[in-house]
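The structure under discussion appears below in the form of structure tokens.
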Amino acid sequence: MTGSARCEGFSGEGFSPWRLVRHVLLASLSGFLLGYNLCFIGSTLTSVQRSFQLCYSCAGGTSDAALVECDCPAKQFGVSSVAIGTMAGGMGFGVAADVLGRRRAFLTSDLFFLMGAAAMCLAPPERVGLFFAGRIISGMALSGAGSTASAYIAEIAPPSVRGRLMQVNELAACMGCVAAYVVAAALGDEHWRCTAGIPGALALIQMQGVALALPESGRRLPARSQPERRRGAGIQALEVGLRVLAGLDKQLIELGRHWRPLLLAVGCALAQNFTDANTALYHSRTVMQRAGVHSPLPANIGVGVVKFLGIATTLALVDRVGRRALLIAGTCGVVLSCVGLVAAFAADPEAPTSWLALVVMLALVLSWNVSWAGLMRLVAGELLPQPVRCAGLGVVFFAFWALSFLEEQTFLTPLRPPSPAGTFGLFGCTFCLPETGGRSLEAIAEGAPNAGPSKEGQERLVYEALDEESPAPKHTEPSGSDGDSDGDSSAGGSDSGTTD
């Protein structure tokens, strides 16, 4: 399918909201894959530990209760190894997406999802290293899919609904997380390899959809001439590699020029990690079992339902009350929930109050999903200017997963009390983070306080570039009409347009 066929109907005049929703949903399949890959390890960690005999021999035997209490670096690496891949993939995919385009980045991340799932499924019991390699490869896919989907949706969405459309990606991640819990419970511990292999099939579906139906972002339409498209695959592959290497220096220079929004975006990533909510989610089964909740399925389903409630709340309020208000409220809830978890375990660590631990854990997940779970990527994508959006998101994901790796590798060793990190995150949201709701990406990049162009102008700005590959008659406004298209340039005088 040619680029002109893919872009048909995406001009500012013929814009169809249903086409926008369709492409947002297709891009959000990356969010589903992200959520599934992050959460399935929490439901299958005990099965993985038993299959590869991690931390053996445990003092209490091989029962689930004994394996939960048996901790070692290898077991924690089974969770945290995905962060190594995300750190490497964040930088590589970010530069590649800015140099080569969003569609190729989607396809490449799907290929990595497929390879990672295959490695985890096929790893024999004596080859735990292959399982770890699959987790690392999946991590590379996670960072590529996360940064590319966030940038793509931010670029095709009109500012008036950008916050809600970005939350569709987070809603898809939530659905992926719940699906991982349900699939793991339905297939059982003995079929954990099938649970790990499902992302590979989903990645194949997205690859087909992206190849056939997803247009390039209007703000990042690669300038490719027809002769370039007719070149051989080998020459194209060589040119792709050279373009990525040539674009690396340019992207580093551009990142240096835009250091201030990059610093704010990285600060959002670090503030989210300081809540430690995502790490607690990965180990939710272990935390619940240590709290006395011996049936993990109801707790996992409860976590999934609460995640949906949090995302639905954000979806309804993000474009009404703004980003900062939700981040501040969510951070307060996370800090109070951490205090509640400490209270649940502090009285008697060997027999904590299970109902209190479960309620507070759900409150923690709710507060996190109302704020940082989806808004970190949204705000970071809005803050970063167009020339370095994907590369900057790669840096953001690198910082996020670097700190996440340290937290995941040490989470089970101590049960840490809350630190001042939540307070610092609250301080950063209140005094450093600008409000980005209802403003065009160009206005945010320029630091302008206004909301940008009108609604019609926003839609034209987002979609007009998608027809650049196919020549079309130039659209002209009839004389004597409202003059929307030239409103900004003709605002200086009333008779400037009568000098024909």
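Glycine is treated like the rest: Cβ placed from N, Cα and C.
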Residues flagged as transmembrane segment in TrEMBL, choosing from 121-138, 265-282, 301-318: 301-318
Given ranges 167-186, 387-406, the stretch to which TrEMBL attaches the annotation transmembrane segment: 387-406
Most Cβ pairs under 8 Å with the transmembrane segment (301-318), selected from 20-41, 325-347, 353-375: 353-375
Candidate ranges 20-41, 353-375, 387-406 - greatest C-beta contact count to the transmembrane segment (325-347) (under 8 angstroms): 353-375
